[in-house]
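K.L.:
Got a structure for you, questions after.
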Amino acid sequence: MFYDSFSLHFMSVGIRAQQAFRFEPRNLTVRMGATAVLRCEVLRASGTVQWAKDGLLLGPQRSLPGFPRYSMIGNPKRGQYHLQIAKVQLEDDTFYECQAGPSETSGAIVSSPAWVNVLIPPSKPNLLVDMATPWVAGRKYTISCVAPDAKPEADITLFKGDSFFFSDVFDMIGMTKYNKFTTLSSDNGRQLVCQAKNPALFKPVETRVTMSVFFPSQPPLILGLEREEVKAGRILVLECVSLGGNPLYSFGTLSHWQKKIKVLSTTWEEDVVAQKSSSILRLKITPADNHAQLCCESTNLVSLSPQSVIRKITVFFEPAQLTLLGSLTAVEGQDLKLSCHAASSNPPVHIRWWLGYKELNSTAFTMEEGDNGGMTTMSNMTHRVSREEDGMKLTCEAFNKATHFSKTQAAKLTVYYPPQKIWLDAPPQDIPLRSGTKVRLVCFSTGGNPMGTLTWYKNGRVVADAMRQTSFDMGVARELALVLTASDNQAIYRCDATNESKERITAYTKLKVHFTAISMRITAKQEVLRHGQVLNLECQVGSSNPKASISWSLGLFQGVEQPPKKAFFGGVSVLSSLSLNLSSQYHKQKVICQANSPVLAEEAKTFFQLNVLYAPEFSSTQPTRVEVVEDDMATIPLLVSANPEEVSCIWLHRGEKLVKEGNLRYLWADDQSLELRNVSRNDAGVYTIKCANEEGVGQTSIKIDVLYGPSVKAERDPVFVNLGETADLICVADAKPITPGMFTWKRQGEGEVEIGEENQEDDSGLLTFHDVTRAHAGLYQCTADNGIGLPASVNVQLVVQFKPQIRKGPQWRKVASRGDGTATAEVVCQAEGIPRVDFLWEKNGIRMDFANPRYEEQTVREGSFHTSTIWVVNVSAVLDYARFSCTAQNSLGEDKLDIQLVSTNHPDPPSLFRHIAVSHDSVTLEWIPGFNGGLPQRFRIRYHWDESVSFMYIDVFPPSSTFFTVTGLQPVTTYNFSVNAINAIGESAYADNNAILTITTKGQSVLLFCILGGSGLPAYLTVVFTVVFGVLLVLNSLGCFFGLRWKKIRGQTVDDRYPISLTRSRQSTEANSNKYESREKINTAAQRTLLIDSGSETDGNVYESYTEVRVQRQRATENSVLYFKKVNSDLNFEENYLVK
């Protein structure tokens, strides 16, 4: 805040020591980010000194909270209150005042404003120039340079290289400088620099960019072509070079300038250091390059047009092909006319002819213009051939003496002349051969060029299946392998030998063959054959040599034979007829006609297929009974035959026609059979099938038996029977078939009981129990299985009825409750009985009225158990301490229990105290608890032995347990045990009228073995006892080890209500405190105490120390050892072993 002059004057009244500035703050200039210090010193400072920024007080603290970069520095005792600003920012650029507030002795003072001027250096300048697109020499460009974020504004300077920028146009707008200039080729690669500075900088900041200026280069040169003439096949390596330019030039190397421009290469390399571009062209010269012009062009992005250089080449090349035209084969004495043609070449070639090593005279050759600017050459030759010139080489040679070129084309001359001789190797013509015999006919021929080609003919026709022709030293041969047939009888076989000379020589032979009939055919006079008609058949036997005899094969029928006639291949034919009475059994049978040759002992035969029309008939194997399992698919075959085979059948079941359409369960096969899916019992019965065709109707019947698995149900469920009577459990099965022994019974649930007597009567299974007991009651399962499908079961409950039986243990005969009118007593009576049990309650012999609000009764039934509970509200000792009588009754009888409602008291003693297990160091005890006195009770075991000076006590744990194992006992020692019950009020007498249970522990297993071993037992028993007691000893050791570990863990977490320690020095002074405490953890399952019998165990308990207990145990152990040493003195066991 500011203090006005009036306030200062008012506060100065009565001031004896006025505050004053020794040093006032002054204006300060500082760079952003530096530290600024505004000095302020006050003489006789008595008021609060603080700084104001732009009129806002910063506070009197030295650290100035809220302004982390601000602080007051200096020595306050010397009046120094300097304002320090760290890392000065632009927001600190304002005026500041140092103020001293009023005090009791001085008025307030305010310094003159001091301005902090913050200098900001310019950022790195930014050149606004498009360098992505290269510049072109000779063009004008505008350059802009910006230096932002400076205070004061920056001074901007432009340089080109290391020189000031002298441009055509200069302008400065704000923090941006603009320049326009014209580029030169020499500017390529130079740097363009923009510098910016102001007072906040010691050194200017700058930005540099490198200029890229495009300009054209010099015309290209072709290197590597020394002369114009080049031989075809040579590889030219040409280089086209272009110097200078930016960018360096790219190339296109061209060929065949006159006809068609073809780009040969567009790849190039750049040498930036040498400032040149070059393109290497590897060109393999071909005849097509003759008179070609090579052109190399170069260009870059700023060239107005491509620059080029052109060189012409002449190519020397040989003819690519030398062709020999005309046929090189001729018949002896003919003229041979050939031509030789040489393809285009430069220079042209000449042609000459050679036959062997002899040069032939030829006609003059001719030349014409050829491809690629060359000349072609043609030569024709005529020559008359002789037999001696066959196989000689005829050569055409093309040559040029000037270029030393020579090329030849040769071919072999072939001269034809006819074969000289032919003959046959064949069987004699006058000997007859058997049909089917294999015969070899071989034709031989010699001489001729080429060797003759042999062809076989039969009766003037070529035989195509003759074997391949073979050669031998003097000629050729061809074999004809025949399997003789009827057509070979009197046939003429001829062999011709020919070759390219067109002349033929011939040889022939004739064969004689015996054969069976070449054809047989049976014909019928009737076109349609029906059951009952007479059929007339004729068998026509074709040509045979010699004549054949005819027979029929169908039963014992005989035919009638006609006189023979002449036929083909020099043989004779025969006709025979047969008559036959038709029936359905002849349908599709074959009537066979046989022709036998007596000379050849062979026969030929044919058959006539009978197609007899008849009405549908059913096969003798047609099944009349079909069995099928329920839900399976039944296939009912229909073995019906008829002709025509188009038979329509209808199926009838129980007088109704089965409909084929719309029933998915019926699947009809093509043979009229029926597949019945998902067969049910309703599908059983007789099915009548009627089949008809054009000839009539046939009928048959089929019976279907449907087999199905059992379903079973109980005839009665549940079955009630009185105790001691006879019970019959019956289940009835629906199944097919009903098989013997298909019923089985078993009892469900736990518990074993002898199963009753099982019987079967037709479809019923019986289970009979005689003299029924309550153990027979339960759930029984009847299972039926006839082998079809899965077995079926049904449960039958057997309920044994008996009169009520009330639970009458000690804990049921008494109920305890306080009689002060504040408690509610619960009197429970539980009975078991069937049928339903009802309860009747009496109080002191008078039937209770439950309309009285102080009494409430509820009965709960669970199975055969019935529980009736009476709640006595606000129990009064005078009114309610009485005898409550509970009577449970049903139709079979009743039972009664008296329950006494008494006051809460100490518990009743346990009963039936006994031992159930004894070992060498432990005894397991069991008892029946008495009435608990109306409060939770626990049990305590008391025991002692002859050597003990007092009783030992163990509190049973868990408290409600009715059996317990006392451990830590001595072997072969007699102990006296007692048990009693304790609740919050007191304790009971000891069990069984203070009876003492005397038990002697067993000997250790090792000592027992010694005794047995010394008694002369058999060796094998000694071994058995050794193994058994050895195993027991190991298990005992393991039990002790894990028991100690468990006691160690459990001893740390035992409930405080069951202390387990012994002490002499520490006794509780509280009336209800537990008297069994010590520093030793004795047992984790119970708590053990040592008491001295002083005549009053409950009031006068004196505790022995832990040391005395150890002494007593040591003495007992020593006595036991001495005893066993006396018993086993003859066994020579060492004392150390026994003690251990």
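Including glycine, each Cβ sits where the backbone N, Cα and C put it.
For 19-111, 219-314, 319-414, 419-506, 516-611, 616-705, 710-795, 804-900, the entry in TrEMBL reads domain 'Ig-like'. TrEMBL lists 909-1004 with the feature domain 'Fibronectin type-III'. Annotation comment: TrEMBL describes 1019-1044 as transmembrane segment.
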K.L.:
Is the domain 'Ig-like' (219-314) in contact with the domain 'Ig-like' (419-506), using three or more Cβ pairs under 8 angstroms as the rule and ignoring pairs under 6 apart in sequence?
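P.N.:
Contact absent: fewer than 3 Cβ pairs fall under 8 Å.
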K.L.:
Helix, strand, coil: count each for the residues of the domain 'Ig-like' (419-506), based on DSSP.
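P.N.:
DSSP classes over the domain 'Ig-like' (419-506) add up to 3 helix, 46 strand, 39 coil.
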K.L.:
Count up the helix, strand and coil residues in the domain 'Ig-like' (19-111) according to DSSP, in that order.
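P.N.:
Counts, helix then strand then coil: 6 helix, 40 strand, 47 coil.
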K.L.:
Mind tallying the domain 'Ig-like' (804-900) by DSSP state, helix then strand then coil?
P.N.:
8 helix, 58 strand, 31 coil
K.L.:
Tell me the residue counts in helix, strand and coil for the domain 'Ig-like' (616-705), as DSSP assigns them.
P.N.:
3 helix, 48 strand, 39 coil
K.L.:
Give the residue counts of the domain 'Ig-like' (516-611) per reduced DSSP state, in the order helix, strand, coil.
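P.N.:
Counting residues per DSSP class in the domain 'Ig-like' (516-611), I get 6 helix, 54 strand, 36 coil.
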K.L.:
Give me the mean pLDDT over the domain 'Ig-like' (19-111), rounded to a whole number.
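P.N.:
Here the predicted model's pLDDT, averaged over the domain 'Ig-like' (19-111), is 92.
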K.L.:
Residue counts in helix (H, G, I), strand (E, B) and coil for the domain 'Ig-like' (319-414), per DSSP?
P.N.:
6 helix, 59 strand, 31 coil
